[in-house]
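Visitor: Can you read through this structure? Questions will come right after.
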Amino acid sequence: MTTRISRHCRATRLFLQPVLVYISRMEYKKRTVTCGDLRAEHAGMPVVLNGWVHRNRDHGGIHFINLRDRYGITQVVVDQDAPEATRHLAESLKMEFCVAITGTVRRRPDSMINPDMQTGEIEVAATGIQILSSCEVLPFMIDEETETREDLRLQYRYLDLRSFGMQHRIALRNQVSFRVREYLQNQGFYEIETPTMIKSTPEGARDFLVPSRLNPGSFYALPQSPQLYKQLLMVSGFDRYFQLAHCFRDEDARGDRQPEHTQIDMEMSFVSRDDVFAVTEGLMGHVFRSTLDIELPARFPRLSYHEAMNRFGSDKPDLRFEMELQDFTSFAAGSGFGVFESVAESGGSIKLLVVPGGAGYSRKQITELEDVAKTYHAKGLAFAKVTAEGLESGIGKFFTDKAAEIKAAFGATEGDLLLFVADSWKVACTALGAVRTRLGTQLELIPANTFAFAWVVDFPLFEWDDELQKWEPAHHMFTMPRAEYLETMEQDPGAVKGDLYDLVCNGYEMASGSIRVHNPELQQRIFDIVGFPREEAEERFGFLLKAFRYGAPPHGGIAPGLDRLLMVMTGTPTIREVIAFPKNTQGISPMDESPSPIDADQLRDLGLMPLPREDATGQT
């Protein structure tokens with residue numbers, strides 16, 4: 001049987017063939033050194049460099065080309081001694097052309113040495129240039145000096161990743177991942193992968209769901225964490241497990257959250273909280289020592305949840321600066337200031353912050369701080385200024401007769417500013433804690449390149465949900481209560497402290513973990529307190545509860561967030577700066593335009609059909 005080729009197909013074939021042949025036969029000079037290797041001792045050495053044109057300056061017919069790769073920048077000179085063809089090509093080089101350059105290393109004149117460059121003592125006199133790939137007009141400059149909109153950076157992420165800042169952060173990510181594996185392997189941990197497609201179970205956020213084509217109407221979920229599987233590994237006898245786990249959470253858009261993130265997931269059998277702390281402290285110490293050459297304390301300080309909130313107004317306090325919250329409630333009685341008296345009489349709290357030298361703050365500046373407090377549900381921010389005569393401005397007039405006592409009690413001196421929030425204990429602490437954080441930056445109280453780690457412990461196991469009128473797990477439903485609450489847990493759930501803990505650093509939660517429930521009867525009691533029906537518990541977690549009946553060991557773990565850790569280590573404002581291909585704040589990738597619609601055939605294969613879209617008025 002003869003197959004006919006249409007004229008269109010023949011033409012296309014004839015057109016493509018020479019292009020393919022040309023590409024397949026293209027040869028280029030492969031690099032002998034990188035753009036960060038060369039030093040003065042290499043003078044006279046013939047070299048080949050491959051990289052991108054970072055700059056191309058024409059000085060009276062002499063071209064100075066800064067050639068860049070991920071290792072550094074080397075200055076290439078194309079002068080009158082270069083071959084004519086090389087000089088001609090040098091004139092055509094634009095920024096970000098990918099090139100191969102042949103030449104000889106020579107030492108720069110002393111007056112031309114650049115101490116700010118690794119290769120600043122030398123230059124390469126070019127004898128040949130080969131253009132490997134040209135570059136279109138850039139959407140933005142690839143340097144650290146030019147500020148570029150983040151949405152544009154994400155749209156052209158492959159260009160943004162060429163910048164030295166991004167290259168450094170991704171390189172550090174690689175180093176940290178290596179050091180994590182190195183340390184944990186040496187501590188006897190096994191790296192074990194857990195499934196990426198799992199049963200949908202409630203863990204706080206919404207699941208990303210994956211429809212099963214082979215099982216119409218059924219869905220997998222992408223894991224919010226490997227929580228259940230790592231517990232099953234403990235039941236399986238693997239007493240020390242870890243993985244760099246990819247986790248997925250379908251959360252509402254928030255400034256510093258990603259729908260997918262990576263955590264250093266760890267679990268251990270036959271351990272107490274102190275054992276988990278020791279491993280984690282050792283891990284952080286090893287990572288910081290080996291990547292940043294920074295020595296962390298061998299042991300991190302510990303604060304109870306109540307102490308952290310009371311002193312710093314946060315369950316993830318920034319301990320790099322002092323300026324602690326203090327309790328002013330006892331001074332409210334008889335002051336004549338109705339707001340304070342009412343809060344104190346109703347069992348609320350009045351928290352005070354002494355701002356050193358803050359008496360010079362204008363009313364506008366104080367209003368800006370009040371806006372911060374209101375963001376955290378405070379009704380207002382009261383203030384008074386400390387002078388030589390006593391307390392002035394704001395609410396100072398209500399405490400004239402107690403000014404000396406107040407100054408002595410709270411360590412206030414002339415020129416200080418007193419800030420107050422009166423509300424429920426939690427709101428007063430949280431709102432004034434947010435003001436404290438803002439002032440730490442404004443007053444430049446935070447030392448650079450400092451990392452203040454601490455453990456926050458003894459969190460409540462349950463939290464009351466006013467909207468649902470029921471108890472909810474404060475962490476997750478598999479957390480072991482502290483031993484002293486086991487007998488009375490049902491009588492007063494709000495008083496129960498869990499054996500759970502957070503690792504915090506510089507005002508961020510770096511890790512969260514707990515000692516787990518390993519007894520099915522105790523697990524069922526917790527399900528009952530949070531109103532999780534037994535039938536649903538069996539349907540969703542039956543496989544775990546069943547495993548617990550086969551000799552489950554006591555176990556616990558923790559999961560430091562790799563992205564957040566790197567953000568803190570590099571001092572960048574968001575985790576998007578330490579992820580190669582992140583989503584934006586709406587969970588969208590501007591580069592590949594995901595998520596995107598899929599065609600009807602794919603939906604049909606999955607047994608799905610699209611719902612009609614609603615317009616802005618809610619009409620379909």
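Each Cβ is built from the backbone N, Cα and C atoms, and glycine gets one as well.
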Visitor: Which residue of Q243, Q258 does TrEMBL report at the same ATP site as R249, D250, E251, E509, G561, L562, D563, R564?
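Guide: The candidate from Q243, Q258 that TrEMBL ties to ATP along with R249, D250, E251, E509, G561, L562, D563, R564 is Q258.
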Visitor: Which range is it, out of 35-38, 43-46, 227-230, 267-270, that shows up in TrEMBL as region 'Aspartate'?
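Guide: Based on what TrEMBL states, region 'Aspartate' spans 227-230.
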Visitor: Using Cα coordinates, what distance in whole Å links R516 (L-aspartate binding site) and E509 (ATP binding site)?
Guide: 20
Visitor: Looking only at the region 'Aspartate' (227-230), what are its DSSP counts of helix, strand and coil residues?
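Guide: DSSP classes over the region 'Aspartate' (227-230) add up to 4 helix, 0 strand, 0 coil.
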Visitor: Report the member of H59, R249 (the recorded positions) whose C-beta atom has the most other C-beta atoms within 10 angstroms.
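Guide: Neighbour-count leader: R249.
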Visitor: Return only the integer: C-alpha distance in Å from H475 (L-aspartate binding site) to E509 (ATP binding site).
Guide: 13
Visitor: For E251 (ATP binding site), just count the other CB atoms lying within 10 A of its CB, please.
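Guide: The answer is 14 other Cβ atoms.
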Visitor: Among all the protein chains here, how many other CB atoms are within 10 A of the CB of E509 (ATP binding site)?
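Guide: Looking across every protein chain shown, the total is 16.
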